[in-house]
Structure formats: structure tokens, C-alpha cells
Amino acid sequence: MDDPPIVELRVHGVGGTSPAALLGTPVYRQVWGDRIAGFYAAATPRRGRNVEAYCWGGMTSRSSSRVLWLLLFPFMLVNVAGWTCSARIRRDRWMFAVHRACARLTALAVTLNLLLIGAMAAVDVWAYQFCGQDLPGSALWIKRVLHAPAHHPDPGRRVVIGAGLVLANLLVIALLAQRTRSRYEDVSPVGAPARTPMRISAAALPDGVADPRFYDGQASVRRLAGLHLGAGLAWLALFLAFVGGGGRLHVAVVPPAVVLAVVLVLVACESAGERLVYPLIVVAAVVAAGVAGWVWIGAPIGAVTGHLPGMLQVVRATFGLILVLAVARVLLMPVIVLLRVLGVRRGADRGPGVRVLRKWHVAPFVVAVLSLVSINAVGLGLLIAIGKGLGSVKWTAVGPVGADRLAMFPFLPAATPWLTLVPGAVLAVFLLVEAVRWALAGRGGLTGPIIAEFAGRADAGPPPQPPWDTWRRSALPTHPGQSAECRERGWEWVRTIARARRMAGFPSGARYLTAGIVVSVLLVPALYLASGARRAPESLTDADDTAVWLAVMIPVAGVLMLRLGWQRPGARRWLGVLWDVGTFWPRAFHPFAPPCYAERAVPDLQRRIRWLHDNGARVLLVGHSQGSVLAAAALAQQRDTADTVLVTFGSPLSTLYGWGFPAWINRDLYDRVKGHWVNYSYRTDYIGGPIGDGEVDVPLPDPGTSWYLCGEPLPPLRRHTGYWSDDAMWERIDKVAAAPRADIPVLF
């Protein structure tokens, strides 16, 4: 009986790759999928086997409009924060349940934070104050345009118009989430039970990424999106009821307060109250409409003398709620530990611990704080810029400000510098330290082992055939018979390798950068307040102005950088790696985060592999960079992979995912795949690396040899992008593809 044909299925990494580049031929046809993500087959076999390519870059970077997803960056961060818990917490039933609940509440806090900033800008500064004043005849045309929509003598109507802008912002984000859900989460996973709404989120599944339902987030995302929409409507109604009553508690605040409290309880619960979500949205909308109507027809709101009455109390109460939701995890986890010490929580563990390579226990708190820092740094900076653009500003929290002036809270210019300049200073210090370490890597004792390594395998490269063998030269500076110029070039070559290997460890230092930013952001204001130092409300320094414009330019610069970067393949790999890591995870904690492309990519791969198997083919699944993560996830969820060989190179499974998400990406997951898995890596790869398993890992030399022909460049480094052109690696892959399954482990 003839051996079944082999189909090599290639999956590219971050930033996207064209089918022609991935297949290595301009002659191909599309065999599956659409223009966003599809499978392409080469017209002729390559290296003795049929080759197909899965191009999924259209889900993350092909469309220029997708750079606008960067504006949802805080939502992505807080969603990622929920996935960064430690394996120990995931193993503990109580602690893991509390972690998930607190992560969802923190995500809701970010949504409320956005609404509060929007209300401060649209309702207080623009509608109530700016549109409540008469413009002078010399006012600029742009101010007249901005003044006209809400200019009305009744302050209640102006307040409702401003609240309408805040509601529009919320509805646009919710609509975007709904559209992306229909494109990604609605894709049915392979191997999952019949399509019924999954009552729990992907984060709660016992098998994690290996569960076939892991990328079935349709129901949970819809539920969370409804709850966030309901919470936004309830908060907006509560805000209108409070300021409509002149900043005093009265009966109108009770209904929206009750709705908001119910939403908070449902968000904390994993799946309880499923049937209450949509009725709750309707109730919240009716309550908001009723309160808005009451404010519109004549709520007792005073004339403009300063801030909107009650705005200060709203700011304090909402920021207080945000703080409580954000630190709830820090407060509740020690209580659970205490219960275990007291013997109350016997039998709380869920089996033996998983094996992880690196630990970072404070990651959920650190990443969540970064999310709040990012949304407040940009939001408060934009708020100050809007106020200063509309008119003359007086920094005061209470009291009249006089005619033709706008009141703004004095904490804004105090908070913006330590939300922008302090993290910028920490980043500058981190980059400086890394630059020094990179420079020092090419000196001292780090070059000696490299010379010894290449000298010990001087025949690694095939020797040139006569007469070219007389032209062969060694790049090692210690090789005898070299001129001074050749030795200097050799030393520079060795230093380049040493620095490349040092740079390969750069991603693991991100934890120190993020922790440093969080500590500094929390510590600097605490020290400032403890010192008793105070600034005059009217004194804005150059540093304040710099912080404001930096905050304003952050989203603009980010969008432009991604827009320009995605037109250049090299830049896409640098800019896209963190983004693709962040959007790999389902939206189990924040429904307004950018869509999870793996919700479609993993089922796509599984369906194609199954189709090829059903048609009698063996599959050689080849994944590079982020594509290796998709490939591993696709196979981990399948129970029968006997006819599939997994080959990965440049894989960030351990270097990025292993330390960032140890509860889900760990050696227990690797064990589900490694029966027929080979992972290649260079020590100079700044994204990928080994997974830490000797049965799977195959280290490759980079450069492949120290020999070169005289007059040609010295052997180049391949780093992260050179795997596709490494003939020595592909010869090994040819052996993997040709060998019977049982023989694969002994090849290496």
C-alpha cells in the first residue's frame, strides 16, 4: 500500500505575509476561506510535497482602518490582565473564581472610567459651561460651530445634549464589538458540542486552551457586552439624576443606582442571571430616558457660575468606585489565604500543579493598573486640551469663576504629568539600561564562548568545491594567517552575535518595565502628598503643558505609527508582536477589547486539517512565530493527531506566552502536542525560542557557519526572520516529513 501523500500547511507569523512569499512561488490558487483569511495552494509541489499556506494577516493588519483598534488599547490591556494569572491561582478553585470575578469588575471599571472622562468633557466643560455662555463677536468660526449645537438658555437641555454625546460614544463602541463578534466569535469551533450557548467563559474551562470550546466566546462576549452597556446606561442615568437635582440625593437617583448595583453583581458572577441581561438593558434604557426627560423639561439646575452642580461629587464617587473595583483582588486574595490557613478551605485545590517555566504573580494587578493609567493619561490630557481650546480656564473645584471662563478641576494638571511624564521617564531609563547592556555584550568574556563555539564546529558549513576552496576564509578573529583588517572584521562579527543574543532576552525584561511604571505611578503621587507640597491652582508649568500635549499625541502617534508600520513588513513584526499577543486571547473579561483573531484562525486550521485527513493526506503543519501558537492551539484541542506532524520555529510559546500567561501556556499544554512536534530556534531570535523540552527543541546555529568566501560579506545572522531561508533546517524538516511517525523522535 502506498504511503499517503504529505501536505505541508504553512502558517505565517505576526504582521501578515502574502501567499506568494509564504509559498515561495507566484503561481498559486485559493482553495479555502476568503480575502480576510484563507488557504492557498502552490500550483506545483515543493521539496517533494504539496504545499499550502494559511494567510490570516487580514484579521489583524491588512486593512488600514484596523489601526483605529489602537483606540481600544486600554480595553485590550485589561482583558489581557485577566489571562495573566499564575498557574497556582488557576489550580485553586476559590482563588481562581475570585480572580475571574475581580478581573471582570476591573474591566467594568475601565468602561466607567471612560464614561466619566467623557461626561467631564462633554457635559460639564462643553455643554453646561461653554455652551451656556455668550460668545463675543470676535470668536473664531470653529468655536461658533462647537457652540451652536447646545447653546440654549435652559441648562437642563444643555446637560442632556452633552450626555447624548457620552451615550453615543458608548453605543459606537458597543456596535463595533457586536460587528466584530459576528465575524470572529460566531465562528463555530471544531470538536465542540452542538452549538448551544456556553454558560461559562473560556477562562473558566478546566482544560483551558486545550478545551475545544475555548474559542467559543459568542455567548459570553454577548453577555458581557450587554452588561457593560447596561452599566453605562445606568451610570449615565444616575449621573443625570444627581446633577439634575442640583447635586443632592433624591428619589430620582434610586432606580439607576439599583440597576447599576444589579449589573455589578451580574458582572461578578460567571454566568448567573443569564436571562436578566437583556431585560436589564431595557430597564436601564427606560430609566435613562425617563431621567433625561425629567432633566430636559425643567430639572432645578442653576445658571453657569462654575462647574455643573454636583459634578465634583460625581467625580469623587465614580473614581472611588473605580478604585474599589480595581483593588478588590488585592483585598480579597489575602482573605482567601487566611481562610486556608484557618482550615476553612480544605480540598480547595483542583489537582496537581502544572509545570511552568517562569512565574510573575503580580501580573494581573500590574497589567490592570497599566490599563487604567493609559486611559486616564490620554483621557485627562484630552480633557485639559479641550478645556483650554474652548476658552480661558480657571483651575478650581468649587466656587464661581467669572464670566467668559471655564472651571476645571485642579487635580487634572496635577495628575497628567505623573500619568505621562513619569512612565516616559521609566521607559527612557529602561531603554538606556538595555542599551548599555547591549553595548557591553560585545565586550569582555561574552565573546570568548562564541569563538569557542564556532571553532569547535569549523566544518558546520559544507566546504566549497575546488577551485573555490582556496578562497575560503574564517570569520573568527583568532584564525591564523589573517590580516589586521580581517581580524577587526572578525571581532565585529563576533560582537554582533553576542549583542544579538543579548537582544534576544529583551522581551523577558518587559516585566521590569511594566512593574517599574506601575510602582512609579503609584509611588510618586503618594510621596508628593506625604510631603505636604501644594501648587497654586493657577500655576501651570512647562512640564504640565508638555504632559498635556504628550497625552494628546499618544493616540495620534500610535495610529500613525501602526498605519505606516503595517506598510513595511519589517516594521510590522516589531509593532505587531505585542498587539497579536494581546488579541490572541478571547474577550472573556472585557467585551469591548479588539477582537480575538484566534476565534476564527484556530477553527479554520482545524477544519482544513480535518478535510485533508478525510481525503487521505498526512499533514505537516509548519508554524512560524505567532503562527506556531495558532498551530499548537489547534492541535492541542484535537484528540486524534496521529497523522499530523507539527514543526515550529521562531515560536514565542515560551519566551512570551510562557511567562506572561503561565496558567494556560505551560508544559502540560506542550505535553498534549509533543507526541510529534519539533521546535527549531536560534539563540539570536528576539521573539521566539525553545519551549524547554529536550524531546521537542532543536537548537540551530546562527550564523550557520563561520566560513565565507573571500570578497563576500561575512556570514549573516538570521535572527527571527531567517528560518524560511535556512536550508539546513529545511533538510531536517524533509526528514521529519518523510519518516514514519514512530521514527521521528530518534532523528534528533
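Backbone N, Cα and C define each Cβ position, glycine as well.
For reference, TrEMBL has these:
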- 67-85: transmembrane segment (TRANSMEM)
- 105-128: transmembrane segment (TRANSMEM)
- 159-177: transmembrane segment (TRANSMEM)
- 224-243: transmembrane segment (TRANSMEM)
- 249-269: transmembrane segment (TRANSMEM)
- 276-297: transmembrane segment (TRANSMEM)
- 317-342: transmembrane segment (TRANSMEM)
- 362-386: transmembrane segment (TRANSMEM)
- 406-433: transmembrane segment (TRANSMEM)
- 509-528: transmembrane segment (TRANSMEM)
- 548-566: transmembrane segment (TRANSMEM)
When you check the transmembrane segment (362-386) against the transmembrane segment (509-528), do you get at least 3 Cβ pairs under 8 Å, counting only pairs 6 or more apart in sequence?
yes
Quick test of the contact rule: Cβ under 8 Å, at least six residues beyond the ends. What residues does that give for the transmembrane segment (509-528)?
360, 362-363, 365-367, 369-370, 373, 415, 418-419, 422-423, 425-427, 429-430, 434, 659
Ranking 67-85, 105-128, 159-177, 224-243, 276-297 by Cβ pairs under 8 Å to the transmembrane segment (317-342) puts first 105-128
Quick tally over 67-85, 159-177, 224-243, 249-269, 276-297 of CB pairs under 8 Å to the transmembrane segment (105-128) gives the top stretch as 159-177
Contact call for the transmembrane segment (276-297) against the transmembrane segment (67-85), three or more Cβ pairs under 8 Å
no
Could you pull out which residues elsewhere in the chain have a CB under 8 Å from any CB of the transmembrane segment (159-177), counting only those six or more residues past its ends?
72, 114-115, 118-119, 122-124, 126-128, 131, 149-150, 152, 221, 225, 228-229, 232-233, 236, 239-240, 243-244, 288, 292, 295-296, 299, 301, 308, 587, 591-592
For the transmembrane segment (67-85), find every same-chain residue at least 6 residues outside the stretch whose CB is under 8 Å from a CB in it, and list them.
96, 99-100, 103-104, 106-107, 110-111, 114, 173, 203, 360, 363-365, 367-368, 370-372, 374-375, 555, 558-559, 562-563, 566, 582-583, 585, 587-590, 592-594, 660-661, 663-664
